[in-house]
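A short worksheet on the structure shown next.
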Amino acid sequence: MRDSPLLRLLAIGGAIWAADAEATRQTPLEAPCFEACQWTLRPIRFNDSAGTSPSPRVRACESLLGLTSLYLCAAVYCTAGERIAGLDYLNATCQASVQSPIPPFDDVVANRTDDDIARVRRLRQAEWEDAVTFAEPVIPSDAFFGLAFDTLDSWSYVYSRHTLYGSAMFIFWGVVIAIGLLNRAVMVLGHVTAKKTRGWESIPLEEPGGDSIPAASDARSQSRLSIWLKRHVTLPATFGYRNAEPFGWYTVPPRIQSITILAFAIMNIVFCVHGYRVFPGNLYFPRVFTQSWRYVSDRTGIISFANFPLIWLFGMRNNVVMWLTGWDFATYNNFHRWVARIATVEAVVHSVGYTVLVYDLLAAYVVDYWRNSTAWFAYEAAALANKSTGNNFHVPIAAIIALLDAPERLRGVPDHTHSLIRHRASYYVGARYDLLVWACCFIWAFDRVLRMSRTLAFNLRFWNTKAEATYDKDANIVRLSVPCGTSLYRPGPGTFYYLHMLNDVRFWESHPFTVASVRALRDSDTTKDTRQDCEVVEEGTTLLPRATTTNGNGPRPVSEQGGPQRADSTMYFLIRPYDSSTRRLARAAAASWPHPASLRVIVEGPYGHTKPLHRFESVLFVAGGSGIVVPVSYLEALGGDAASRTRRVHVVWAVRESAFASSVLREDPRDSCDGLDLSLDVYVTTGEGGGGDAGRLAEVAKRFRVLRGRPYVRGEVEDAVRELGDRGSLAVVACGPARMADDARKAVVSMVGRGRPRIEYFEESFNW
């Protein structure tokens, strides 16, 4: 029984994954007509010495009947330019492959008249499908040649759109990054101009290349356009109020990010449904149904694959474009998640499309397809598990899938494409897509090298960094101290580090923690007993307690705790135990009471940017719980820099435990914030608590207001604007639970443009 022509056509179609690449290898792009002639004659055998050779190269270069048929086809259907370009390319190919030049065109065709050519036998489609052997030259019939030309032309058109639309993914994000870079350059330029106008230059508090916002002389320099953009585009939540607070299980990015993501999603949808040429009788896929599924499956697979380097780039800790634009980690994390989700949907459509083709056409490569498709399905499972739910249950699932299946994903995808190509251009086309895989590998390796560099820059003996942790049961807080005298970088306000707890059972995990303060020893203190190091009034101490700590059993002198080995400076972290690693850290610290728990940690960092708060005359911090570390880390820098414009700082802190509040407030911030008009409102959101806690809170609250209940964030922002008056600038910094951050964002949006002060909003990560 003869093989079905439809199955044979499918095999041919699967073999020509990239017709434009094949045409580029066999004929120049200037000769599509000549390529159609070659394609219609390629499976035909001729009854001469070379025409029956099993080698296609020998038949194409040495069969006189075959070459005569090709020359006649080119003479009938092609222009002189197409014919010359095609023959030149074929001659060069034959000389390179079989060391035999083809005969000149005129020697074969010149003696044939138009009547002679008209009498030459015409090759029909049915004879081409059966690969009939001929004893005379043949020319494709007009109808058959038209189908062949249209088939190659449509495939070349569609595949060129595959490449173009895949490249558009990089172009889109290149434009987004260019806009961010341009905006940053304008901001830096404005700041430099403002400094020259004032005639003095401030020493920036932020790290080089940090967030750049021009020092606001006042709001008078703001245009109506900038105010409108800030009020309606860049600052608000996407839908009404909720931004940090989730809609059920999902959080929506800010409006400007949502607009960017939506534009990217729309572009992907349009590119997946546009740019196809289908017609009945296509020699690859005769049915329009088959053509449509094949083209859509190819398009979605290629665009999904093109998104891979973007997913890797946006998801790395050491993100180069983050340094260029100054945008924070949360912004690129949203981009990373959404590019991954879109690529996952495209990969699903790609897999479903080929499943439909396999089911419909019963292709012979079904087994290979399903084996190589495991890479796609594993990728999809990892992306779905890595959704933003706020529930850590999904994190280990995504991590395990990514860790165990990453080699299969990066290896299986090119295997998948190669199994569908299976032709002479497979290496060329496969290499094209392999570049995307290698780009992902390079981004991953570059990130790992920078991670190791940051770790070694902190301590060359990275395995021997000793930290101490104490747990206050009443305050439900862990204080972690890490010597940083060996670090090449001094931590800046608002920066964070990733810590590996080597004593933990899951030592391979790392967790980010924001630096609360850095304490540096004076030279005069170097002769003190090492157990008394923590009693020194360090230069960087802010709100953290200096002399005592508690563990549910009242105050305990630091001198009784022991102390870490003396270092030039020490970083301090305030850590709220939740689940997983932080809860195990709290248990370890509690088990060592009344002595601090001695830990070995690997420190990676610093990461993050210092916000340019010193360029604002007034700063309002809205903090919740352990988010107090953000104002703590900035207060010393704002008060200790003579060039800072900041004159007033107001901190609104909501905390559940009175013990936590009293512990932090015990160190009077006015002692280390000279030059600042500092005010602090502490809102204790739970009951009165134990008598000891209430008493200690009363002792340290003489200079600060302690209130019960939750703060009215909008009122705090309005009061800050009112106190500032018609001149100056205000920075509102939020670091707290989702509802508090959303309240602060909405309040700032409502105040933008109402009055003359310039208002900027900053949001620090609270839940990592």
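Glycine residues also receive a Cβ, built from the backbone N, Cα and C atoms like all the rest.
TrEMBL lists 1-21 with the feature signal peptide.
If you look up TrEMBL, you'll see 164-186 (among others) marked as transmembrane segment.
For the transmembrane segment (259-279), the residues of the chain that approach it from at least six positions outside its boundaries are 150, 153-154, 157-158, 161, 164-165, 168-169, 172-173, 176, 233, 253, 288, 291-292, 295-296, 299-300, 303, 334-335, 338-339, 342, 346, 349, judged by C-beta separation under 8 angstroms. The annotation transmembrane segment is assigned in TrEMBL to 259-279 (among others).
The transmembrane segment annotation in TrEMBL covers 299-315 (among others). Long-range neighbours of the transmembrane segment (299-315) within the same chain, counting only residues 6 or more positions beyond its ends whose Cβ lies under 8 Å from a Cβ of the stretch, are 158, 161-163, 165-167, 169-170, 173, 268, 271-272, 275, 321, 332-333, 335-336, 339-340, 342-344, 346-347, 349-350, 353, 413, 417, 433, 436-437, 439-440, 443-444.
Per TrEMBL, the feature transmembrane segment maps to 425-446 (among others).
For 455-613, the entry in TrEMBL reads domain 'FAD-binding FR-type'.
Sequence annotations record features per position, and here TrEMBL assigns region 'Disordered' to 545-565.
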Problem - Remote residues contacting the transmembrane segment (164-186) - C-beta distance under 8 A, at least 6 residues beyond either end - result: 212, 260, 263-264, 267-268, 271, 275, 299, 302-303, 305-307, 309-310, 321, 324-327, 335
Practice task
Across the whole of the domain 'FAD-binding FR-type' (455-613), what does the mean pLDDT come to? Round it, please.
Solution key: 75
